[in-house]
């Protein structure tokens, strides 16, 4: 069946023919605290990119459900979730090193042992390092919406990406997205609804209430005060 949702050009393996990145590298200046965290805590919690598949039990030293978060920003929500769910393991990916440093600092302060972080392009990590059928959940919160129509192709949520995520989820695993940009929420819903093997967990077949497991960010709180909406989508891998 032809899928009518617009996507960048991909080959038969789902890899981009020309790499369209969904992010812009804005490295920014590291604070002394972030620099200290990268130097001292990366050796313990950091994961270098490689072309070898990760062994999660070896990485975390135990067998436990694994959640992958893509684009964790400064890491406040990711650290809070890892702290609240010590029985689960978390891998966060972020391309901006100040955010990685901030996350490492917070995770160290909380004494977390169930969190690992990467500083790399998430699509490459998914292709090269995440084993199929290995993740309990994939989280994508507030990705860049690329507001202008001519930039919509840069949005990370496209059919090949959603198919790739599905292949990494276990059966029954969840892909959880959130955005504060309604046109992007509609785009996400269109993309996800077009793919065989996903089930929308919304009772109204569109959006779900924010689950208690997703912390409200400071950015989100400010948006609520200004009357801005937030849309959560949760899709389960069914086959």
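Each residue, glycine too, has its Cβ placed from N, Cα and C.
What Swiss-Prot records for this protein:
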type: BINDING; residues: 69, 94, 121, 144; note: S-adenosyl-L-methionine binding site
type: ACT_SITE; residues: 144; note: active site
type: BINDING; residues: 148, 180, 217, 218, 219, 220; note: substrate binding site
type: REGION; residues: 150-155; note: region 'Interaction with RNA'
Open item on the list: Return only the integer: C-alpha distance in Å from residue 121 (S-adenosyl-L-methionine binding site) to residue 148 (substrate binding site).
Closed with: 22
- [ ] State the Cα to Cα distance, in Å, between residue 144 (S-adenosyl-L-methionine binding site) and residue 218 (substrate binding site), rounded to an integer.
- [x] 17
Open item on the list: Validating a neighbour-count step here. Other CB atoms within 10 A of the CB of residue 121 (S-adenosyl-L-methionine binding site): how many?
Closed with: 18
TODO: Return one of helix, strand or coil for residue 218 (substrate binding site), based on DSSP.
DONE: helix
TODO: May I ask for the distance between residue 218 (substrate binding site) and residue 69 (S-adenosyl-L-methionine binding site), taken between their Cα atoms and rounded to an integer number of Å?
DONE: 18
